[in-house]
Amino acid sequence: MLYFFGNSRFFLFFFYFFFYFVLVIKSSVGKNEYVSPDELNIKTSGFLGYKCDFSTEGIHNLEPDIVERRSVICSINSYFIYDKIKLIIPKQDDPKSKFKLLPENCFAKVYSDIEGKTEIPIEQTGLIEYTLEENDTNQDYSERIIQISPFNNKDIEFYCICDNTEQVISHIDGRSALVHVTVLKYPHKIVSVNLTDQKYPYLFDAYNKNDFINYKLEIGLKEGELLVLACKQIDNKCFQKNDESKNGDLYKTNKIIYHKDFAIFKAPIYVKSNNATAECKCKIDEANIYTLVVKPDYDEKVIYGCNFSKDLSFRTFTNNMNLLKYNENTNINCNVEISQPFYDHLIGISCPGTIIPDCFFQIYKPLTNELKSSEITYLDSQLNIGNIEYYEDIHGNNEIRIFSIVGAIPQSASFTCMCKMDKITGFMNIKIGSAYYAFLSKLFIIFIPLFFMWL
C-alpha cells in the first residue's frame, strides 16, 4: 500500500511538472497576436506634431502685454508622417472674449493666399490623406486638429488668423497672430507594400504578394526613406522587433506610425550597425502570413555634441573633452552652436558617468540668472516641434544619448545637459538657431497690422 501511494505521489509530481513545463514552453513560443494598425495606434501613440497654443495660459497667448505689443507668429514648416497640428484657442462662446479665429472654422477652411485673402476649403489645397478633428471638452479652450499624411506631391502652404486686437483692457489692445503652415513634399523616397485588396492611388509601384518568396520579402531603405505597409492585420510588435535571424538591432524610438490600414517605418538617421533590421508580419488568414523585413542603410554621420570620454572610437563628435583630464570639483563647459535654415543633424552626448536629466527627452532650460536654478523641461516643447527621433547606446563604460531633427525649427532654442562623473561635471550647452523664421517673423511684424487695416 505504501509502495502504491509512494508511486502515486511520484506520478502526480511528474504529471504536474510536465504540465507546467508544457505551459511555459507554449507561453514562451506562443502565437503572434494580430491586430489592425488602427488598434495598435490607439495602444502606442501619443500626440505627435506641432502646437499653436493661443489659450490664456498658452505659449502663444494673445493677452494684452504693455511690454510686448508685437503680433505673434506660429509657423510650421515641415513634412508630415501623419503628424498633427493642434490649434488651441480660447472658448469663443464666452461673451467676454474678443478673440476671433479667421476663417471661423479653421482648419476646415483656410487662407491660401494671405495677400489676396482667398478663403478655400482645405480639400482644395492639394493635401492628400488628411483628417480633421475638434475637441471642446476643456472648459477654457477648444482644440482644432489636422493630421497630415506624407503623400502630397508638392509643397502646400495655408494660413489662419487669430485676432485679439480689440481693446480688452482699458486703452491697451490685445494682439493678433498668424498661423502659417507649410507642408513640404516628403523629401525622400516612399516604398510601399500593399497586401490588401484595396487600391491606393497615392501608393505608386507597390510591392504585392507576388513579390514575396516563401512568404518573406526584405527591402533595403536609405536614410529617411519610408516604407508603407498596407495590411488589415499586423502582429502587435510590427517593426518594433528585429529579424531574429540577424544580430543587428534598431531602437524602440524609431519613427513607426500606425494609421488606419497602414504600418509606416521611417529609416532612421542613426543606425547602430550595418546589419540592423526590423520586421512586421501581415496576416491574410491562418494559412497566409507574410513577413516583411526592412534593412536601413548604415552611415556614420558626424554627431554635433560633446564626448566627455577618453574613448574616441565611437563615431565622430564635434567636441571631445575628456573629463579625466580635469581636477575634482571642476565644471567643464562644452558649447555647441548650430544655425541652419533646414536641419538634417544628429545631436548627442557621450558620458562615462551619469547623464542628467533624462536627456534628451528632458533637458535643462538655460539659466535665467545666477540665483535661479535651471528648470527641467521637455525637448519637444523647448524646440516647439514634435518630429524628433531619440536614440540610446552603450559603448564600453560610456552612455550615449542622441537625437535627430530634420527640417526647420520655429524659433531659436537653447538647453543644457550634464555629464556627472564622481566630482567632475561636464555641461553640454546647445544652441540651435532658426535663420528662416527670424527673417519671416520680421516680415510678419510689418505685414500683419496692414492686413487687419485692410480687413
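Just so you know, glycine gets a Cβ as well, placed from its N, Cα and C.
Copied over from Swiss-Prot:
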SIGNAL    1-30  signal peptide
DOMAIN    48-186  domain '6-Cys 1'
DISULFID  CYS52-CYS74  disulfide bond
DISULFID  CYS106-CYS160  disulfide bond
CARBOHYD  ASN135  N-linked glycosylation site
CARBOHYD  ASN194  N-linked glycosylation site
CARBOHYD  ASN275  N-linked glycosylation site
DOMAIN    302-433  domain '6-Cys 2'
DISULFID  CYS306-CYS334  disulfide bond
CARBOHYD  ASN307  N-linked glycosylation site
DISULFID  CYS351-CYS419  disulfide bond
DISULFID  CYS359-CYS417  disulfide bond
LIPID     GLY433  GPI-anchor amidated glycine
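Shown on the structure are the features that Swiss-Prot records.
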residue	record	contacts (Cβ under 8 Å, 6+ apart)
CYS106	disulfide bond	LEU87, ARG144, CYS160, VAL179
ASN135	N-linked glycosylation site	SER142, GLU143, ILE145
CYS334	disulfide bond	CYS306, PHE308, ASN319, MET321, GLY426, PHE427, MET428, ASN429
CYS351	disulfide bond	PHE308, SER309, ASN398, GLU399, ILE400, ARG401, CYS419, MET421, GLY426
CYS417	disulfide bond	ILE349, ILE355, ILE356, PRO357, CYS359, PHE360, ILE363, TYR364, ARG401, PHE427, MET428, ILE430
GLY433	GPI-anchor amidated glycine	GLU337, ILE338, SER339, GLN340, SER412
Quiz item: When the Cα of CYS74 (disulfide bond) is compared with the Cα of each of the glycosylation sites ASN194, ASN275, ASN307, which one is closest?
Solution: ASN307
Quiz item: In whole Å, how far is ASN307 (N-linked glycosylation site) from ASN194 (N-linked glycosylation site) when you measure between their Cα atoms?
Solution: 44
Quiz item: What is the separation, in Å, between the Cα atoms of CYS52 (disulfide bond) and ASN307 (N-linked glycosylation site)?
Solution: 35
Practice problem: Please report how many Å separate the Cα atom of ASN275 (N-linked glycosylation site) from that of ASN307 (N-linked glycosylation site), as a whole number. | Solution: 25
Practice problem: With an 8 Å cut-off on Cβ-Cβ distance and a minimum sequence separation of at least 6, pull the same-chain contacts of ASN307 (N-linked glycosylation site), or say none. | Solution: PHE314, PHE317, ASN319, ASN320, MET321, ILE349, SER350
Quiz prompt | Position of peak Cβ density within 10 Å, selected from the glycosylation sites ASN194, ASN275 | solution = ASN194
Exercise. Provide the three-state DSSP residue tally for the domain '6-Cys 2' (302-433): helix first, then strand, then coil.
Key: 8 helix, 76 strand, 48 coil
Exercise. State the three-class DSSP label for ASN275 (N-linked glycosylation site), counting H, G and I as helix, E and B as strand, and everything else as coil.
Key: coil
Exercise. In three-state terms from DSSP, label CYS106 (disulfide bond) for me.
Key: coil
